[in-house]
Amino acid sequence: MLRRTSLTIVLAAGEGTRMRSATPKVLHQVAGESLLAHVLNAAPRGDGASLAVVVGPDHAAVSNEAKRVRPDAATFVQRERLGTAHAVLAAREAIAAGADDLLIAFGDTPLISAATFERLRQPLRDGATLAVLGFRPADPTGYGRLLVEGGRLVAIREQADASAEEREITLCNAGVMAFDGRTALAILERIGNANSKGEYYLTDAVAIVRDLGLEATVIETSADEVRGINTKAQLAEAEAVMQARLRRAALDAGVTMIAPDTVFLAADTTFGVDVTIEPFVVIGPGVSIADGAVIHAFSHLVQAVIGKNASVGPYARLRPGTSLGDGAKIGNFVETKAAIIDAGAKVNHLTYIGDSHIGAGANIGAGTITCNYDGFGKHKTKIGAGAFIGSNSSLVAPVTIGAGAYIGSGSVISRDVPDDALAVARGQQAIREGWAKRFREAKSRGKAKDTGHAKDAK
């Protein structure tokens, strides 16, 4: 049997005024990805699948996001906002190409799944002309009701037009639809705007399908899957649902979470086996954590790769470009950025490692700072395998510390250090026997006039 081709049109032209934000609504994020990205990633892909995104005239950023997520996406502009059917027909050129299945979705429903799109296509394979996604909200007030007779959809009745009996129906319209591509354009072009707002409503397609003697049907899904985002409160609710999904998926994959509700994940986080995540950890986009790694409490990771049996935290911040080798350790109050830390290396306390490469087995003492920025550009620090950096050292980049080299505590290193060498760069220690006693005696007699280290007692 030949695989059916598909066109998915994602409507993303809404202004989103209730978000109270300068950011287009569909670019707000859930689990580290834009609302639009979640929908695009759920849409069919691969051979025979095409994608179109309808944007507003002033939303170049939305077009750019669509191309970032799905380079195969075509974008079309809805220059006037005249209803959902009008928005779909902005992509008339794509529809006319004649895919077998036409899917219509919304860019502000980030919880919809690929499986739901596939279920919505099944009635088309079975001969239906139109399939509408339905759901049962806790409170159906305000939603269009789906009127079903004999297993077929006969109408979508808006709340204002519904009879008292129809308002008792709990099956509601989610807005997501699938059309048989052979008849989709003809049906869409028959939708008129004879209503109080003068707009073209996609819901009118049901009546047109019925008038043509064709079949419309309903596929039901959960209310969460079609949760639309119009306010910041709804955005937070969607985040909570997504985080619950991600946590459960991680737990089912074998990740140990001591307090799952305190852990926040990104949609693209990947885990190996026997990973442990302690409480109050935030994992942003682009993080992969290999087998046996432990992420201790109160750590924050973004765009970082964690090797097997590595350890992070507690209270660590791993910024983009961090790569932690197998068995390496990042300890408490350590920040890394664009740092490659090879297997077995240790950065245990109170340290900043930026634009650096640390060799295998190196030890970075507490309070070490890689001074990577000169006010104009970033510079690289290279620390060889097995090197030992004493506590409270400053490494002024660009600089290379050779393999096996030792850096004395408190040093400021601005020149390269050869392999196996010792480098010390600090003021010499001076000891004056009895000075402290004489100073205290002088103070007690009121002879010391200042509050600093006074005059030297001779």
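Yeah, the Cβs are placed from backbone N, Cα and C, and that goes for glycine too.
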Of Ala366, Ala385, residue recorded by Swiss-Prot at the acetyl-CoA site of Asn372, Tyr373, Ser391, Ser409, Arg426: Ala366
Span of Ala366, Asn372, Tyr373, Ser391, Ser409, Arg426 around acetyl-CoA - largest C-alpha separation, Å: 22
Secondary structure composition of the region 'Linker' (233-253) [DSSP: H/G/I, E/B, coil]: 20 helix, 0 strand, 1 coil
DSSP-derived class (H/G/I helix, E/B strand, else coil) of Ser409 (acetyl-CoA binding site): coil
Nearest of the binding-site residues (Asp108, Ala366, Tyr373, Ser391) to Lys25 (UDP-N-acetyl-alpha-D-glucosamine binding site), judged by Cα-Cα distance: Asp108
Taken over the region 'N-acetyltransferase' (254-458), the model's mean pLDDT: 95
10 Å Cα neighbourhood of Asn230 (Mg(2+) binding site): matching binding-site residues from Leu11, Gly144, Asn173, Arg319, Ser409: none
Rounded Cα-Cα span from Tyr373 (acetyl-CoA binding site) to Gly144 (UDP-N-acetyl-alpha-D-glucosamine binding site), Å: 58
